[in-house]
Structure formats: C-alpha cells, structure tokens
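Per Swiss-Prot, 5-phospho-alpha-D-ribose 1-diphosphate binding site is recorded for ARG102, LYS103, LYS106, HIS108, GLU129, ASP130, VAL131, VAL132, THR133, THR134, GLY135, GLY136, SER137, and the stated evidence type is sequence analysis. What Swiss-Prot records for THR133, ARG161 is orotate binding site, and it gives sequence analysis as the kind of evidence.
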Amino acid sequence: MPTSPGLTEEQRSDLMRRLATSAYKRGNFTLASGRQSEHYVNCKPVSLSGTGLLLISTAMLSHVEDQSVAVAGLTLGADPLVSGVAVAGSLAHRDLDALIVRKAAKGHGTGAWLEGPLPQPGALITVLEDVVTTGGSSLKAVNQLREAGYVVNRVITIVDREEGGAAAMDAAELELISLFRLSEISAFAAELNQ
C-alpha cells in the first residue's frame with residue numbers, strides 16, 4: 001500500500017480505519033449523482049473530527065501545487081477541507097487562502113458565488129473534494145472558479161468512488177488525485193468486519 005506524501009504509513013492506516021468505520025456504509029443508497037449504489041461514503045464524520053481533519057489536511061496539502069495561492073471547494077463537503085488545508089499550510093509556513101464555492105449565487109448583497117479572500121484573476125487555485133463519483137460537484141466548483149478568471153488544473157479528493165470521475169476530470173483538462181479509492185476502503189471495512 002503506497003504512502004500518501006505528507007502522512008506516515010501509520011497515519012495513512014489510521015485515516016483509512018477512520019474512513020472505513022465512520023464514513024463508509026454498505027447497503028442500498030441513492031447518491032448525489034442520482035445513481036444507485038451498495039456503497040455509501042460520507043466523509044463528514046471524519047473531516048469534522050479534529051484528528052480526522054488533521055490527517056486529511058496533511059495528506060491533501062502535500063498534493064497542492066507549489067504555485068497555488070488558494071484551495072477551494074463546493075460547499076458543504078469541502079468546507080472543512082479548505083479550512084483545514086489552509087491552516088495546515090500556515091503551520092508549514094505556506095501561505096494558502098481558503099475559498100468556498102456556493103451551490104448557487106448569493107441571493108442578496110453582492111450575489112457572490114465565491115466566499116473568502118479572493119486572489120487576483122489568473123491565480124492558480126487547487127480544488128478540494130470529499131468524495132468524487134461522476135465528478136459533477138467538483139466540476140461545478142472548477143467551472144465557477146474558471147469563470148471568475150482563475151486557473152484550476154488539479155482536484156484532490158479524499159475518496160474516488162471509481163465511477164467515472166477521473167474520466168470526467170480528464171475531459172475537463174484536470175488532474176484528479178485521490179487519497180483513497182473506494183475499493184481500498186470497502187476492502188478494509190470488509191477485513192474489519194470479519
């Protein structure tokens with residue numbers, strides 16, 4: 001099992017265990033994409049816990065492009081991720097801002113799609129995601145950022161469900177980096193339940 005840069009093998013195993021026990025469920029589920037699945041992954045119980053967010057943020061930070069000035073993601077799943085990675089960056093003496101992409105423009109005031117300290121147009125931003133299935137949520141965030149004049153080349157996700165998201169990212173000229181694949185987490189969960 002390869003080690004995610006930024007995490008020791010022990011830390012990676014700890015994060016995998018947390019995801020397998022607190023984020024992963026097996027049953028019959030309807031996903032955000034509308035697809036039916038026997039696997040469900042909700043990373044919020046892990047990303048909203050102190051140690052879980054620290055592990056995720058450390059791993060994600062190691063994949064953020066060196067020239068990136070900010071991390072961004074679609075609310076709600078990416079909210080703790082962008083904050084956690086920005087803080088991890090600061091602790092590592094790396095200045096990164098956090099941006100939240102709304103699902104719809106703000107209905108009052110400025111009508112903003114983006115929240116946070118906005119960098120200059122043309123700046124490189126890395127998109128963070130909790131779970132990628134078809135890539136729709138990530139692409140919505142990427143499209144809003146690109147329309148605002150930012151450059152986005154990479155999406156980092158905690159879990160790739162391996163259901164077409166990587167191909168969708170590739171078609172949008174994006175590199176998808178996943179900390180874990182669903183097949184890894186489901187196999188680990190099965191081992192724990194034996």
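Glycine is treated like the rest: Cβ placed from N, Cα and C.
Fewest other C-beta atoms within 10 Å: among the binding-site residues ARG102, LYS106, ARG161, that description fits LYS106. When the alpha carbons of SER137 (5-phospho-alpha-D-ribose 1-diphosphate binding site) and ARG161 (orotate binding site) are compared, the span between them is 13 angstrom. Cα separation, LYS106 (5-phospho-alpha-D-ribose 1-diphosphate binding site) to ARG161 (orotate binding site), rounded: 30 Å. Counting every protein chain shown, the Cβ of GLY135 (5-phospho-alpha-D-ribose 1-diphosphate binding site) has 27 other Cβ atoms within 10 Å. For the pair formed by THR133 (5-phospho-alpha-D-ribose 1-diphosphate binding site) and ARG161 (orotate binding site), distance between Cα atoms is given as 5 Å, rounded to the nearest Å. Rounded to the nearest whole angstrom, the C-alpha distance between ARG161 (orotate binding site) and VAL131 (5-phospho-alpha-D-ribose 1-diphosphate binding site) is 7. The Cβ of GLU129 (5-phospho-alpha-D-ribose 1-diphosphate binding site) has 26 other Cβ atoms within 10 Å, all protein chains considered. Residues ARG102, LYS103, LYS106, HIS108, GLU129, ASP130, VAL131, VAL132, THR133, THR134, GLY135, GLY136, SER137 are the ones the record ties to 5-phospho-alpha-D-ribose 1-diphosphate, and the longest Cα gap between any two of them is 32 Å. Shown in sequence order, VAL41, ASN42, CYS43, GLY77, THR157, ILE158, VAL159, ARG161 are the residues of the chain, 6+ apart in sequence, with a C-beta less than 8 angstroms from the C-beta of VAL131 (5-phospho-alpha-D-ribose 1-diphosphate binding site). SER137 (5-phospho-alpha-D-ribose 1-diphosphate binding site) counts 26 other C-beta atoms within 10 Å of its own C-beta, drawing on all protein chains shown. Note on THR133 (5-phospho-alpha-D-ribose 1-diphosphate binding site): other Cβ atoms within 10 Å of its Cβ, all shown chains, come to 24.
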